[in-house]
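These notes concern the structure reproduced below.
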Amino acid sequence: MLPPELQSRFSRPYISSSISALSFSFTNNPSSDDPDPNPNSNHSSKSSYPSFPTSSSSRSLKHSRFSPSSFAHNARLAIALVPCAAFLFDLGGTPVVATLTLGLMISYIIDSLNFKSGAFFGVWFSLIAAQIAFFFSASLYYTLNSVPLSILAAFLCAETNFLIGAWASLQFKWIQIENPSIVLALERLLFACVPFAASTIYTWATVSAVGMNNASYYLMAFNCVFYWVFAIPRVSSFKTKQEVKHHGGEVPDGNLILGPLESCLHTLNLLFFPLLFHIASHYSVMFSSAASISDLLLLFFIPFLFQLYASTRGALWWVTKNPLQLRSIQLVNGAIALIVVVVCLEIRVVFRSFGRYIQVPPPLNYLLVTTTMLGGAAGAGFYALGMVSDAFSSLAFTCLAVVVSAAGAIVVGFPILFIPLPSVAGFYLARFFTKKSLPSYFAFFVLGSLMVMWFVMHNFWDLNIWLAGMSLKSFCKLIVADVVLAIAIPGLALLPSKFHFLTEVSLISHALLLCHIENRFFSYSSIYYYGLDDDVMYPSYMVILTTMIGFALVRRLSVDHRIGPKAVWILTCLYSSKLSMLFLTSKSVVWVSATLLLAISPPLLLYRDKSRTASKMKAWQGYAHAAVVALSVWFCRETIFEALQWLHGRPPSDGLLLGFCILLAGLACVPIVALHFSHVMSAKRCILLVVATGLLFILMQPPIPLSWTYRSEMIRAARQSADDISIYGFIASKPTWPSWLLILAILLTLAAATSVIPIKYIVELRAFYAIAMGIALGVYISAEFFLQAAVLHVLIIVTMVCGSVFVVFTHFPSASSTKLLPWVFALLVALFPVTYLLEGQVRIKSFLAENEFGGTGEEERNLATLLAVEGARTSLLGLYAAIFMLIALEIKFELASLIREKTLDRAPVRHNQSGQSNSGGFPPRMRFMQQRRASSMSSFTIKRMAAEGAWMPAVGNVATVMCFAICLILNVNLTGGSNQTIFFLAPVLLLLNQDSDFVAGFGDKQRYFPVTVAISVYLVITSLYSIWEDVWHGNAGWGMEIGGPGWFFAVKNLALLILTFPSHILFNRFVWAYSKTTDSMPLLTLPLNLPSIVISDLVKIRVLGLLGIIYSVAQYVISRQQYISGLKYI
């Protein structure tokens, strides 16, 4: 429950648009902790009652107990909920991902329009829709094969989805300001419920991956992790820390997120849920053996020990706050739990798995093992609780260490003569912990290393076994070296700062050895012993565990300033590279990944201190890092090849491989540019071109000559496979060399758009660029789509050159281009019918020449010829439609730019009282535009455009009409005249321009008239044609079936068609003139459309009737709104 002082709200604050946006942050807002900057402010407002901000004052917000700020616990919730969301995505599949993506995109658009409540509800509706899609696509029943389990799993997934929505709701700051009690309740709800759902989902995912054998222990481990993350007392992110000052520096209970009830539930879940889960899944064998009983005890007492350790961080604050009572609880319960855990581990793990290494006969072995384990655990517990503080406790701790060391040495078979050696090692280790003496630790290091060497040589040195592709002796050497380095690192880390390089070298050497050992285990899966083979499984969780431990160790040493940033960089890359072996089976994947990470990560890890000037790269450093990245990617080409082969199931082509290499190099250089050269536009343009080149190579996969590529032995062996030929035979592939031309054209376009090629300032370069673009596109289209019609290649190339020249010189005009461009457009229009007609003649002649002596029949030949001609002509129509569309768009854009510039030039200049022009009245961006236009105005001015460029509206209108007409023809040829297509084609007419030559009186006010008229006329004409076609062919619908005459069908549908005319005529007149009509006219014509919808036999007439109703309603609403606006103006 919420504190009583937060239940009521005295005032509703004004929501400012600047603070109501989505805000994701993993750090708390420091502004809430700052003192009041105004010394004259009234400090009497600091009380236990809430004081919420108003629009006139924001100071009271700082003095209230509730403090709207960025949610400070995003990192904790991300650790729990993001993997859960990924697992649910995997269960739901594509429908869930597509639904959520679409919904979040809509929410983002709504949020960008500053409609914050709409974005909030959009997020929730997206999650609800994704959950509904999950229920229909996840098939939980078939996966779990149990109705109760399926219901519980569905409830768990829905709960997790709800928690994700609650987490997203906390990112809206306007909710924090308007509804503080809801925000506090959501925060408490998340911390109370997330540990239950997250630990269950994590266990579900782990069991799905590795099996059900140890599921109870997985659940226990995840419960401990999330208990530590969420159940340890945390201060609310929305409570001010100034309240601490009023309680003597102690955080009051009301400022904590969780209350006593939630903390008690977390404790019960930690202690009993893994045990109950184990009983439910192993109830038939839970008392079958001592190991099974030990599992029951371990599943309760290990979390109990963890709970007692967490109590040192305040986890049992809800039980008692008396330090003496808490210490007694820790000691008594900890001692009992420790004894039980040690005994159970001996039964379950030590004697069961490592019994062969115990060299002492029973019953002495039980006594010595218990002494070793229980004494070591007790000593570690006493030291962790801080009980080794005086001389007596130090003496007891030292004696315990000596006894434990001697007992452990006897257990593993250490010679009795050398028993003082481990005892001395234990003595020096205890002295190091009690006296913090470095010489004592190094004495322990020497003695401990000797003991490790003896143990390895005594047990494994003489075995003739090949393990992971090497002899066991070699493997023992690596293990000993790695363990010795691990023992030495704690002592080296405590040396003075001038010796920290020793710590860094030891850590890097240890990481290299660990990577090598684990890579050998994953690269070789067999063990050889006297000719017998047996699989060796190095579990994948061990790779993940050692990686996480390595990251934690690096972070801790970095925070304590024991290692430098370069060592952090190298160690992070090495530990991260180990994870790659979980996905790829290549023997060199670890080292290749490490090389690539070392090349990519310096901008992120070595230059992070933004407060220093040295943290930014210099130009030569940027070039050097980019070169290293390129070389590293080329070095990794074999691994990239294997990854692509694994992804596609076949060896990738040279173009695809090169494209991925280029794309990876470009993306790897993005941090360099984004973090250190964000002010250099040329660097951004180069990155864009490199990434675009890689994407084009991936999509087009152009052929690459053998001399351009270096084929390794592995790639050559993967390509030389006879199975493909024997199964699929020789397949004639289509020539792919034209893809180079398309890649060239697109890269030239990007280079010109980013000003890498300065076509804007050099006319000759502009002309060369336009001609090169036209030739490249023309040759590509001719070779890709019109390969057999060689005569048409020249016409198609000329067409593309004309289109390219027209578009380029319309966008960047020159002094003489305004006189030549109309003739270029006229040539383009003239080439259209010539190419269209010539295509049919050439295709017919070539086909007849090829089949002159063939055995096919005349009808089959004619049919094939007609199909080939129609297909080629359809392609030509599509090509010219695209060209005319591009020309119409370019002219529309240029005319709009000219009108905007003319409006800015004619804008009146404001004057101040002294009579001088006030240039400061212009906004800064407007002044910059004025200065830029005045300094870079070319000879092609607005006046010259008015004199010599008057052809642009007419040319744009011709291009628009031709594009629309060609699209209608394509609609008839491809879809048979679909009704829905006109609604997508009619908006093309929005590109029409104001033109006094062809259409008088047409202006910006009438821009929607062509669209509505085209839709109405198209539907009317197609309806008349459908009536004629049905009557002519005798398909007159139900009227003919009941015996009525054929003309009855025609007359009925014609009458219904005519009834739709009034609404369409009135609306089109209204769209043309926007003249006010009486309110009754649209409403009077509306009922005339109802018979067309109900009685008509044709879908087109029904669509016309429905449009008539929509037109009438829209006209009435718009007229009414205009009338009301006029009244407001008056």
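Our numbering is plain: 1 for the first residue shown, then up by one each step along the chain.
Cβ atoms here come from the backbone N, Cα and C positions, even for glycine.
Source: prediction; values computed, not measured.
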(request) Looking at the candidate ranges 619-635, 1095-1111, report the one that TrEMBL labels transmembrane segment. (result) 619-635
(message) Suppose you had to name the range TrEMBL annotates as transmembrane segment; which of 712-730, 978-996, 1073-1091 would you pick?
(response) 978-996
(message) Which sequence-distant residues neighbour the transmembrane segment (256-280)? Criterion: at least 6 residues beyond either end, Cβ under 8 Å.
(response) 1, 187-188, 191-192, 195-196, 215-217, 219-220, 223-224, 227, 230-231, 233-236, 286, 295-296, 299-300, 303-304, 306-307, 315, 317-318
(message) Below 8 angstroms Cβ to Cβ, which residues of this chain, lying six or more residues outside the transmembrane segment (363-385), approach it?
(response) 309, 312, 330-331, 334-335, 338-339, 341-343, 345-346, 350-351, 393, 397, 400-401, 403-404, 407-408, 410-411, 433
